[in-house]
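Structure first, then comments.
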Amino acid sequence: MSAAKPTTLYDKIWNDHLVHEAEDGTCLLYIDRHLVHEVTSPQAFEGLRTAGRKVHAPEKTLAVVDHNVPTTDRSKPNPDPESAEQIAALAENARDFGVTYYNEFDKRQGVVHVIGPEQGFTLPGTTIVCGDSHTSTHGAFGALAHGIGTSEVEHVLATQTLIQKKAKNMRVTVDGDLPDGVTAKDIILAIIGEIGTAGGTGYVLEYAGDAIRALSMEGRMTVCNMSIEGGARAGLIAPDEKAYAYLKGRPMAPTGAHWDAAMRYWDTLRSDEGAHFDHELRLDAAALPPIVTWGTSPEDVISVTGKVPNPADIADEAKRLSKERALAYMGLTPGTKITDIKIDRMFIGSCTNGRIEDLRAAAKVAEGKTVNANVNAIIVPGSGLVKEQAEAEGLDKIFVKAGFEWREPGCSMCLAMNPDKLAPEERCASTSNRNFEGRQGFKGRTHLVSPAMAAAAAIAGHFVDIRDWR
């Protein structure tokens with residue numbers, strides 16, 4: 001009898017959840033966990049209501065408000081009627097369909113991809129979906145997680161299944177030790193800079209190597225979070241003792257004999273020696289610098305010690321024109337030193353970098369310093385529990401004393417769907433995940449960086465090399 005064929009982590013999770021495969025490769029996949037927020041769910045719930053259907057597995061569904069909630073005084077009415085309507089609709093739908101729901105006054109409320117792991121709702125080996133593109137965050141725990149559209153949200157609510165076609169496998173190996181000042185955010189920006197925003201199209205990425213294993217769980221979440229910016233369907237990291245330690249004791253995590261049984265399964269969740277990957281990429285962590293994006297795509301990356309590139313050097317006409325447009329939108333001139341670029345705003349938060357370790361890194365930079373008089377800087381914790389922990393550690397006092405605004409949890413300035421927006425041509429150092437035109441506000445200019453880099457820029461008034469920070 002021949003030995004079983006070596007399989008990847010993605011293959012294992014996929015096969016464990018495959019309900020049916022048609023001749024054309026279309027598959028029906030069982031979904032273990034469904035995260036829901038106020039923006040992509042109203043039509044889905046209304047579809048159920050119209051058809052007279054129930055939520056198939058309410059205990060496997062978790063709802064939270066995050067995109068539209070104000071991060072300032074929540075005792076006042078939401079200033080945007082459409083946002084207020086979506087928030088009210090989610091509360092009503094959660095109540096009517098028996099779904100667990102964290103409203104804006106619940107300390108467990110926060111960005112959906114922060115609260116999932118925080119509550120132990122995210123578990124290794126599970127399939128997780130949400131009507132949000134950054135669902136790949138949960139892959140840090142060895143979960144197969146990706147975003148879905150509103151019609152698919154309704155399908156999962158009704159059936160706890162999803163129609164899919166299997167993606168290909170790509171492994172990204174990052175070996176070596178990260179230099180001081182270089183973070184998980186720089187790793188994923190470097191990867192996107194290497195493969196481009198379409199390089200991962202049709203793939204699920206598995207992140208491996210010494211540098212990935214050395215990351216904390218929060219760092220791993222940052223890496224997996226931006227898999228979609230590289231075009232990938234999802235990102236995965238094999239679970240290990242760090243993942244188990246993070247999850248143990250969380251409110252929704254298994255306990256007792258159930259935990260022990262889960263651990264036995266989780267220990268099988270790694271790619272076998274000799275498993276086939278359709279594409280491989282390797283990076284040397286030791287060679288990575290702190291990174292700043294300069295354009296209007298996450299692939300527009302450069303070292304903080306670099307200069308704004310000249311599109312004239314690009315041979316491909318379509319790409320050259322695209323980069324010329326990006327520079328015009330960003331109001332930048334080729335050859336400008338990155339450290340000479342001044343900022344107007346700073347945002348630390350989002351499902352990419354709104355966790356406690358991110359806030360600690362920023363506070364370390366901010367302590368004893370003062371935000372530049374020309375910069376408005378806001379700190380938005382990823383959840384009420386992150387906010388509570390930060391305040392217990394006194395981080396809020398460090399930020400406020402330095403001149404940063406300390407806010408309530410939510411998606412905030414990551415996207416222009418709430419009161420936290422850039423004015424036209426305002427330039428922002430942001431720890432979020434997208435620097436598209438208008439992402440943070442009409443004609444707003446976004447530069448993606450790590451939390452420490454963002455905090456340092458807010459204090460200096462321009463980008464600085466965090467490795468030189470004193």
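Just so it is clear, glycine is given a Cβ too, placed from its N, Cα and C backbone atoms.
For the recorded site, CYS414 ([4Fe-4S] cluster binding site), the DSSP three-state label reads helix. Positions annotated as [4Fe-4S] cluster binding site by Swiss-Prot, on the basis of sequence analysis: CYS351, CYS411, CYS414.
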Sort CYS351 ([4Fe-4S] cluster binding site) into helix, strand or coil using the DSSP assignment.
helix
10 Å Cβ neighbour count around CYS411 ([4Fe-4S] cluster binding site)?
30
Return the residues near CYS351 ([4Fe-4S] cluster binding site), defined as same-chain residues 6+ apart in sequence whose C-beta is under 8 angstroms from its C-beta, sorted by sequence, else 'none'.
VAL111, VAL112, HIS113, VAL114, HIS134, THR137, ASN225, GLY382, CYS411, CYS414, ASN433
Is it possible to get the count of other C-beta atoms within 10 angstroms of the C-beta of CYS414 ([4Fe-4S] cluster binding site)?
29
Taking the centroid of the Cβ atoms of CYS351, CYS411, CYS414 as the [4Fe-4S] cluster site, which other residues of that chain lie with their Cβ within 8 Å of it, listed in sequence order?
ASP66, HIS67, VAL111, HIS113, HIS134, GLY349, SER350, THR352, GLY354, GLY410, SER412, LEU415, SER432, ASN433
